[in-house]
């Protein structure tokens, strides 16, 4: 009876605090948006990358090159992918094509796409891909295959950037004329994704020979999607495909599959080949239509943000370094939200086209950036498909949770090198690991700690919320260093927030992130009750 009473007290306390948390969050966002609008209005004449917009005569922030290129090419991309999807689906329906037949269709379509993107540089793509195929087929059964696979792929990952995609003149003066036909998009940027697919093909082929440890029956028992007669991504990824699927045509089709070629999401070879054989059934036409409508709504939000709140232009122009600590936080917070929404739109656009063509890839960013209060959750829900790839092909082969504290350093260093050869990205990776290790130790201690009273539960919840506020601060710092200010900006950032003017702002941020973490706890509680 006492336990039930204590539980009621805990629930009652949670209900009483929720209105105050919500009111605080509303006040926070009202202040942030009002100040952001004021900053954009006061400093627009000093900002780089603003162009005439179409919304209420406001200037549009297109200072981010990646977003500017994607937004500018949306009409032609949509037209091209519409033609590709129509062609592929009609050919499959008319001729009953399976994996091998569809691989030829997609190889033709994707090759035309790559010729437009990379011009003559498609030779580099196909040459390296073919060498990798030979390496896998020849050495997959040997004990030194995995080190060989990694050395080969990391070698080209680095060389592609060091030599800036190579020059045809390197191979003789009679090839120099091909340098005039390098396409519209640098092939070495896209090839980072091809590297991941080549590694996936190598591992999945080896596991198909040696036998997979994936327990299909156990998985089906616990997966509601698979119980319904469909197939979830984990099942498709874990179940090895038949040996005939590891053909050269299906392999090349997997590497250059047009809807996922430029930006992903990343999909394993097993999952791709099985859906090339039998198209996905998890998304109906209605589901895909709703998915597209939600994407259009998100695009509208992005246009609203870039027309009214010029966060990225402040960061690009360097103007924010002259602002007060509070304004520096507002711009930094806005830049991170802009980055989240940018990648959200890019990844979901290409994933939608892949779904329409019958291939379901993992969803990147299944959770909002503002609904993550620990590092592990953040990285699982940012580039989620990359995280799945890292877990399957790096983390588990390196020893998984048995060597977790060591593995995070190896994994994040690879992630930094995969993005680009820049010190600021290595700084981002190592800062993230530095923040990650204490969290892992605290989580391990928390899992061993058993709460036996209502008072203990409340205490544990408060400590977790405080830890969440520290983690969110660390996440902001790591991402701003890695993607905005670089390692040279760390001293400036520290000086801004540890000075007399910055300390009260820093304290206010901790309180705000504490409140935000408590709200996330309530969201999790609501989800558990709904299940």
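Glycine too: its Cβ is placed from the backbone N, Cα and C atoms.
Since the structure is predicted, the reported quantities are computational estimates derived from the model, not experimental observations.
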Annotated transmembrane segment segment (source TrEMBL; candidates 328-347, 348-367, 368-387, 388-407):
328-347
Under TrEMBL, which of the candidate ranges 2-19, 20-37 is annotated transmembrane segment?
20-37
Can you see whether the transmembrane segment (107-132) and the transmembrane segment (294-316) are touching - at least 3 CB pairs under 8 angstroms, only pairs 6 or more apart in sequence?
no
Positions whose Cβ lies under 8 angstroms from the transmembrane segment (76-95), at least six residues beyond its ends:
101-102, 105-106, 109, 113, 258-259, 279, 349, 353, 356-358
Let me spell it out: take the transmembrane segment (248-273), skip the flanking residues so only those 6+ beyond its ends count, and list any with a Cβ under 8 Å from a Cβ in it.
81, 84, 99-100, 102-104, 106-107, 109-111, 113-114, 117, 125-126, 129, 133, 185, 190, 193-194, 196-198, 200-201, 204-205, 233, 236-241, 346-347, 350-351, 353-354, 357, 359-364, 384-386, 388-389, 392
